[in-house]
Amino acid sequence: MPEQDLASGFLLRFQNARPVCLSVGSFVSFRTVQPRKMRDRGWRCVWHRMAGVGALFGIFGVLCTVEAGATVAAPQVETGPLLSVRAPRSPLHLRDVDAPEVTHASSEGSPQFESSLSQQRLRRPADRGEAHNGEEPRKDAATQTVRGYGGQSTEPPPASIVPVSSEAPQDGAEQRQASSAAESLAGLDPDAGDTGLRSQEMDEEGSGAAQDMERAHAAQPTVSTWDDAHLVQVSTSHPDMFPVDGSFSKKQEGRRERRLAVRGDDSFARGHNRDRDASNGRSILRRAPGWAKIAALATGLLVSAFGYSSYKHGGPRVALRIHKLHLKRKLPISWRRYLNNLPVLDERLFPEFEDILPWLRRGARLVKRVPHVSEALADFIGLDEETRRTGIVIKVKSSTDAEARRLVYEVNAHANMVPDNPFFLPIIGAYQGASKRAVYMILPRARADVADYVRARPYDVDVRLAAAEMVYSNYILHTHGFLHRDIKAHNYFVTFDGHVVLADFEGVGVLQQRTPVVGTRGYFAPELSRATDHTEKSDVFALGQTLKRLVKYMRPTVRVPHLRELWALTKRMTAKDPEERPTLKQVMEDPYFDGIDFERLEAKDQGVPFRGDFSIDDPDAGGKMYIPPSKEQDHEQENE
């Protein structure tokens, strides 16, 4: 059928092209993940290579699946009753070989052969005497009459019956024997005079061989070999199979797909075992069960996906940590779905949002402090008595043409990633506006950020205790496997009890995670100017810069205790070489913090770093809205 011909041709071409596909896939995969930056030196290169190996597994799994489908679609060889092939007038005395029913193999335009059934049958040696009826056989071997089991005679085409194996190649002895047989068949002389005598001798020997084979098959289980070797009928005029001089060239003898097999009964079984043991990957794949192919494909895809994830995130440990967060639902797989699951807040129902809506344009980010919350909004978001008294902060992000991840990443970081600790600013709630124009975060209000508080009330600040709480909050974040990546004085806030809390988790990331560089100019570590990732040492550098700015914000008339030790510590923390910077654990053990017990710091019983009742907000019901400055304005403020 045309469909079967198409499937057979596709399978043959695919099997020949598979090594090329694997070679090209190997080269592309390894070149794609080859390190191109100085940051990729060291152990990360191993996981770059792992991504390539995983890609190879994936490619091989896909190829195996396609080949398996093509094998199923290819025409199946049906085997009929075992018949005996008789080579007339051969100068080499050969034993009879069992063969199934065969058909003419198409040799025009392609060396590919078809193995479907034909209507012509070869007769067995036991039927020859009855078929001839005492007559001499014809001298023309090409037009000799062949009788089947039913006694019906047919005229075979001018062709030679040659057993061909599609699996493992023969050894040298079998090839020489097959070549000699082919030469004898190709060099027949139709005009020889001893045709009758030779035919009669071969009839007798063939009958004895057939009886021996029947007894052998009855004594031991029959081994079916027609899955690995089958017979095809090839035209003697084919230039590749039968050269003009009647002999096979060395190239033709060594060709795997055209191996000749002339065996007896027991040698036939031994040849089947040799073919089975020496089978290549294609035969193993065809004999493999379906579940094994599916498992190989799934394994390849999993290894490829994990290799790519390790390369993307910066290593296998980071990839496993991120996938673990996915499984624990602390890191959403779909940010759009996470955004759509946020509760809806109707801005028209609450007076706190009246002056926010006019500012909602593309890319707008607003922060509004609300010292006095209306009863309607307090009941809607479920505020407790203390928060109703101190007020809230509404952080607004415009959703016009904005990515879902940028809108809700900080929401998820506050809710799921940041540990529950008194030195972190908690989140009250997150909502999407009914107008679909913004996402709102509700946070508890603080007195001010550290920078503004130190500028306004420098005499009410205990610098060493404030620095200790700032270092400890960052240390807790690192111990839970996260980086802040935007440490600065404006991201530390002073609560109403006078202690420090860390906020603004929009840039928080997993330790050693490969992500774009974020932060504020003036706090960037020197290594971030190159193609590298955030590390714990980059947060240490930013924290050292923050402590330096904290001292600079103090007025010149204010005396700072232990200033010499503080400058020595900040100098170590801001070293250009990341290897020379201390870890946060070493920072807490520095002589500057002698007398501070970090294990009891969470109890907040060692003093208050920010004394007084200073608040940056005006005590009006509407609150004061703060629009964050641009990066250029923020940089100018930091350099003042």
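Residue positions begin at 1 at the first shown residue.
Positions of Cβ are set from backbone N, Cα and C atoms, glycine also.
Here's what Swiss-Prot has on this protein:
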- 1-70: signal peptide (SIGNAL)
- 100-222: region 'Disordered' (REGION)
- 104-120: compositional bias 'Polar residues' (COMPBIAS)
- 124-141: compositional bias 'Basic and acidic residues' (COMPBIAS)
- 175-186: compositional bias 'Low complexity' (COMPBIAS)
- 237-280: region 'Disordered' (REGION)
- 248-279: compositional bias 'Basic and acidic residues' (COMPBIAS)
- 291-593: domain 'Protein kinase' (DOMAIN)
- Lys395: ATP binding site (BINDING)
- Asp486: active site, proton acceptor (ACT_SITE)
- 609-640: region 'Disordered' (REGION)
- 631-640: compositional bias 'Basic and acidic residues' (COMPBIAS)
How big is the gap, in Å, between the Cα of Asp486 (active site, proton acceptor) and that of the residue listed as 'ATP binding site', rounded to a whole number?
-> 18
Within 10 angstroms of the C-beta of Lys395 (ATP binding site), what count of other C-beta atoms is obtained when all protein chains are considered?
-> 21
Cβ-Cβ neighbours of the residue listed as 'active site, proton acceptor' (radius 10 Å) = 19
